[in-house]
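Colleague: Take this structure first; my questions come after.
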Amino acid sequence: METVQIVYPNDMFHPDEADETFVHEYQCAKQNGIHCLLLDSEAAALGKYRFSSSFHVGVPVIWRGWMMKENEYRSFSLAVERQGGDMMTSIENYLRCHHLPGWYEDCRDFTPETVIVGKDSDIDALTSSLRWPAYFVKDYVKSLTTTRGSIARNVDEIHDITAQLKQYRGEIEGGICLRRVEKLDAQTERRYFSFQGNVHAADNCIPEPVTEIARQIDSPFFSIDMVANDSGELRLVEIGDGQVSDIKEWPVNLFVQMLCGKCLSHT
C-alpha cells in the first residue's frame, strides 16, 4: 500500500532528472517504490505548474523542494488538486510550521523568548523596553546567513540586520522576530522529524522533550531542531515544515524509509 507520493523540482538543464540538491533522495525514493513526479522548475518560476506524470488517486502528495512563500504554496496545492492529487499538508499546516509565529505560542516553554513584530514597528521603543543583552534577529522564516550573522547587541545592529535581510532575500517575509540569545552548544544540534503522527530520529534516540514538542504541533509532516544549552538542557531551535526541511545528519535511505513507513518511530 502506498503511503505517499512525492513531487521534486526538476533540473533546468536536465529536465528528466531531479534538481541536483534532491537527486539522490529522488532516486532513493523511486528505488523504494514511491511514486515520484518532477515539477517543471522553469515553468514554476513563472507561476505555471507542470508535472512529469499523473498523480495516483487517493495517495497523499508531499513536496520535497525549495521553500515556498504563502502564495506559492497555495498555487502549487491548487495545481496538484486540479490534476487529481491531494496534498498531505494544507496551506494552514504549512504556515503553522514554516512561519515562526505559527508554532511559537504552543512551544514557548521549550524555546528562547521571542517578540514578534510587524515590519514597520518601532524597534527602538521595543528594545528600550526589553533591554536584552543580545537579540537573534530573523523574519518569519530565515535569519541572516552572511558573515555578519544575525546576533545584534543594540538597536542599530538590529536595523542593520533587517536591512541586510531585505537586501539579500528581496523582502522581509511576514515580520520581524527578536529572539533572546541563550548560550547554546551548536555542536549538539540535531534534527528530528514528525511524520503522520510518529516522531523519528536519525539515530532512533528521541529525547522526551522532542516527543512533548511534537504533541503540540497539529501538522502531518514537520521538522524539530533541538540543541543543548550550557546547562545541558535541550532547547528548541525551530519547527519547520517537513517538505522544505533539509535532512541534515540523516542518511538519505533512512529518511526515505520514514516516508515509506519502514522506519522505527515513537508516538
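Backbone N, Cα and C atoms are what each Cβ position is placed from, and that goes for glycine too.
Please treat TrEMBL annotations as automatic predictions, because they have not gone through curation.
According to TrEMBL, the protein has these features:
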type   : residues : note
DOMAIN : 135-259  : domain 'ATP-grasp'
Colleague: Could you please provide the mean pLDDT value for the domain 'ATP-grasp' (135-259)?
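Modeller: Residues in the domain 'ATP-grasp' (135-259) carry a mean pLDDT of 97 in this prediction.
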Colleague: What does the DSSP secondary structure composition of the domain 'ATP-grasp' (135-259) look like, as residue counts for helix, strand and coil?
Modeller: 35 helix, 46 strand, 44 coil
